[in-house]
Structures are given as structure tokens and as C-alpha cells.
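Here's what TrEMBL has on this protein:
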| type | residues | note |
| --- | --- | --- |
| DOMAIN | 8-249 | domain 'Nodulin-like' |
| DOMAIN | 320-542 | domain 'NFD4 C-terminal' |
| TRANSMEM | 75-94 | transmembrane segment |
| TRANSMEM | 100-128 | transmembrane segment |
| TRANSMEM | 135-156 | transmembrane segment |
| TRANSMEM | 168-189 | transmembrane segment |
| TRANSMEM | 209-229 | transmembrane segment |
| TRANSMEM | 235-257 | transmembrane segment |
| TRANSMEM | 333-351 | transmembrane segment |
| TRANSMEM | 371-395 | transmembrane segment |
| TRANSMEM | 407-426 | transmembrane segment |
| TRANSMEM | 432-459 | transmembrane segment |
| TRANSMEM | 471-491 | transmembrane segment |
| TRANSMEM | 520-539 | transmembrane segment |
Amino acid sequence: MLSIERRKWLVLVAAIWIQAFAGTNFDFPSYSTQMKSTLRIDQVQLIYLAMASDIGKLFGWCSGVLLLYFPTWVVLFMAAFLGLFGYGLQWLIIQTQFSVPYFMMFILSLSAGGSIPWFNTVCFVLNINNFPENWPLAVSLSVSFNGVTAALYNLLATKLSPNDKSTSYLLLNAVVPFIVAIAALGPILQQPGPQKDLQTDETVIKDDAHIFVCMYILAAVTGLYLFFLEPKSQNIFIGSVLLIALPLLFPNIVYLIKKAHRAYYSKRQPVKGPDYSLVEFKHHAEFPEECSTPVVDKNSRGCCVFERIIETDRLKVLGEEHSVTHLLSRCDFWLYYIAYFCGGTLGLVYSNNLGQIVQSLGYISKTKALVTVYSTCSFFGRLLSAAADLVACFYHQTYTRMYNIRTGRLSLALVLMPIAFLLLVLSDKLTVLSIATGLIGICSGFLVSTAVTITSELFGSESSGINHNIVITNIPLGSLLYGYTGSLIYVDHISRLRYEDRLDERATVCFGRTCYYHTFILWGFISFIGLASSILLFLRTKPAYVRYNQKQGSKQTSTGDDF
């Protein structure tokens, strides 16, 4: 029988497997052309099918509710069946096995896209339950593997059907997540379960820190392998070792090394664990005065109106559980929602339009390279979101407490977005386009990875499955609003072309810098609103983070005095 420590790492590996194959919406461009041709639909109808996948995320909160009443594995297989139904029938339709009305294709796309937040919610809950001390590291690690889904499916499609890959993606999207769900069933059924009320030994925390470092290095190596090698030169065996074998082996290897190290040095000097742990969500019960005493930032300056904005209904304690009604009534929630809506979601919309942007600027041959730039930067942005937590695992809380204000890190990441759109407005050079795409990718990846942790820290971990799915409703809303607005501007520029400059009377392609110039200005202004909202959120939540760190520091000092 495996120990509790080893079983929790198996659960993390299962979450990594699920996330690595659950980002099925990223390969839509790979089969969209054939879908458009087979269904005989125009570009607008195709865009609506892509939006349907995002609209499916509006129902992600259902998975959080179901997890309150059903075991985790039940919700996991519900997600798998949603994807199998949605993608499987789409594959049969593209294979011309039968035909359905356009409305049914919209429903199938909605079902397929709806499976993605269900998979994500299952992984979030597994990580939070099994890593009470370091769950933000576990969440960001598993979420980072979601960024390699497109590369993995491209590798599988190249090996399985090298001559006609486009017919394979939908089949892979339907079958592979279902197979992975079956593979993950064993670790999930054997998981040690919620451990929030258990005392965690300092040695265990230190062992976890070293294993997480190994896992993050493995994630970086996996990303480099998948993104920078051509699919034809990649080996499936090497990919499976990086993704399956090494995550299973690393915990055991670290435990054996640490055990030998302790056995050798135990007689000479004691081995101390790090004086650090991430946010615990029961601390507001330990310090009830925090919940009733208003938090006032003594260093706040400015006019009375600004101070009132900062002080009104500000967060008093980290980890306090919020019901849906309470959540929607909080100013901090709406600041957070706007920051995500005008930041991370805008980055996703930019990636969806990247093909047309590149085409309009005359760099159509560089499309694949720029998509790789965005994907790679997004992946490493996800890994970067946990950098401060990894460093903090090996240093005293006193030296790292300012870096633990996660809303501050969010603001720093969102600074990149307005800079990127400013570059796009000022120049249409390929180098500038590549740099701006990379900055947007880093920002989007960082925000997607750290968002779950922020939701849990600000509004409670027990209800995070529901609350975070409410937060990400901004994704389909932003996809519809930003995508539709950008399309209107794009079509307007086509109508302004001189007749002799058009390919034909029904020209649907716009060429030139002006096609997206005004869209970039608009998106840049929106991203600035997101940045401003994140800064306000940081100022309002900073005292709660500082107070928590002070409490932790005093507890660590008193513990040290006992020795």
C-alpha cells in the first residue's frame, strides 16, 4: 500500500495528464478549413462555431456544483463524455457519415467546449485537496501543461496520419481525453483525500519543495521539446517518457535521495525544513478579530474620493468562504473580473485572430512561427507564475512576504499587455509583431495560471470550483464582444477598398496595416482598463496579505523561540 505522501503525487501526475490533453480548443485552426468546406459555411458561420466552444464555458460552474454532491471521478467522466459526444459526432459529420443542420453543429461545438472547464475544475479540486500547503504550486504546474495540448495533438496527428492530419484532430479530441480519464481513475480513487486539518511536518514541506522544482524543470524541458522541434523529427517515445514516466519517478527519486541524506547527516546535525507555507484558508477562524476589524492602510495617500474607493468593502481576511450571492456583491470580485476580462481574455481573442492579423500584414508565410511564439510564451508565462512561490519555499517568510501579494504579481504581468498593443500601433514590422505577440502570450499564460490561486485566496478554497467558473464567464463574453467588434472594423476596411484593389466583388480578406490598426488602439485602451482595475485590486487587498504574512512571521518566531 502506497503512503499518503506518494499517493498525493500520483494524484498530481493524474492532474498533469488530464490538463495536458484537455486543451482541445487550441487545435481548432487545424481542422477549421476542412469543416468550413465540408459544411459549406462562410467565415462568419465558422467564427460562430468557434465562439460556441467558448460559450460552453458559461456552464463550467455546473461542475463545481456537482463536485459538492458527487465523487471527483464521476464529474471527470461526465467531462469526458461531453467531449466524446461533441467532438465524436463532429468527426463523423466531417467524414460525411451523415449530415445535420447548422444549429446542431453549434450545439455539438458548445458541448465539446463545455468539457474543458469541467476537466479544469476537477484538476483544481484535486490539487487543492491533496496539497494543503503548496496547492498554488500544484495548480500552476498542472495548468502549465494545458499549454502543450496543441503541440501534443499535432505530434499524434503527424504520426497517425502524416498525409491528411486535419481529419485526425477531431477524433483525437474525442477519444484521447476519455482514455486519459480512464488512466487517471486509479490515482484518483486512491487519493488520500482532503488534508487541510492534518499537521504537515516541516520535513515533508521541504521534500515537496524539491519535488516541485524537479517537476517544473521537467515541464520546461517538455515545452522546449514540443515547441522547438518539428513534429516529424519528434519521437513519441521520448514525449511519453517526459510526460508519463518521469513525473511518476521524480517523487520516489527525491524521497530516496533525501532519506539517504538524512540517514548520513542525522548524527551530525538536524535537517531543518523551510519556514514557509502558502496561504491556509482556515486562518480567518484562528484570528476572528480580522473578520470584524476594518483594515486600514496607514500608508494610503490621496484625495478622499480615492481613499473611499480603496477602503469601501475591502477584503478583510484571506481565504474567507464566499457564497455566490456574497461573491457577486463584493467590489473586489468585480475588480478582479474586469482585470481578467480586459487582460487574459483579450489575449485569448488576440491569439484567435492571429492568423488574420498576420495575413493582413503580409506575413502569411510566418503564421506558424508566430503561433509558436505565442504558444511558447504562453506556456512559459504559466510556469513563471509560480516562480515566486518556488523561491519562497527555500527562504524565510520574512524575506519573501512582499512577493506573496499575488494580486501585485497580477498587476505586474498585466503591464505587458498595453505595451504590446502600443508596439502594434506604432509599427507593423515582423520583429515588432513577434515581440508584441510574445508579450501578450506571457501575460495571458501568467494570468490563466495564477487566476485559480487568486480566486481561492480571495474568496475561499472550498467554493473555488464554483467561484472560479463564475470568474471565467468573462472568456465567452469577451470572445463575443472583442471578436465581433474586431470583425466589424475588419469588414469596414474591406468595404473602403477601391474596387480595383479587391480580389472580387465579394472580397473577404483585408490587406494592409489599417485592417487592425484601430482594433489595436481599441484593444490597447481596454487592456489599460484591465491594468488599472488590477492595480486597484492590489491596493485594496494588500493589507490582508500583509496582515497574514505578519501573523505567519510571528507564529514562526514563537515556534523558533520554543527550541
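Note that Cβ sites are derived from N, Cα and C of the backbone, with glycine treated the same way.
TrEMBL labels come from automatic prediction, so no person has curated them.
Counting same-chain residues at least six beyond the ends of the transmembrane segment (520-539), those with a Cβ under 8 angstroms from any Cβ of the stretch are 297, 300, 309-310, 332, 335-336, 338-343, 346, 350, 405, 407-408, 410-411, 414-415, 417-418, 420-422, 424-425, 482, 485-486, 489.
Long-range neighbours of the transmembrane segment (209-229) within the same chain, counting only residues 6 or more positions beyond its ends whose Cβ lies under 8 Å from a Cβ of the stretch, are 9, 12, 134, 137-138, 141, 144-145, 147-148, 151-152, 155, 238-239, 242-243, 246-247, 250-251, 253-254, 258, 274, 372, 375-376, 379-380, 383, 386, 390, 393-394. Counted over residue pairs 6 or more apart, the CB atoms of the transmembrane segment (235-257) and the transmembrane segment (75-94) come under 8 Å in fewer than three pairs, which marks the two as apart.
If you average pLDDT over the domain 'Nodulin-like' (8-249) in this model, you get 83. Across the candidate stretches 75-94, 100-128, 168-189, 333-351, 432-459, the maximum count of CB pairs under 8 A to the transmembrane segment (371-395) is reached by 432-459. Proximity of distant same-chain residues to the transmembrane segment (432-459), defined by a Cβ-Cβ separation under 8 Å and at least 6 residues beyond the stretch ends, is recorded for 124, 128, 135-136, 139-140, 143-144, 146-147, 279, 281, 315, 318-322, 327, 330, 332-333, 336, 340, 343-344, 347-348, 350-351, 354, 357-358, 361, 363, 369-370, 373-386, 406-407, 409-410, 413-414, 416-417, 419-421, 423-424, 426, 467-468, 471-472, 541.
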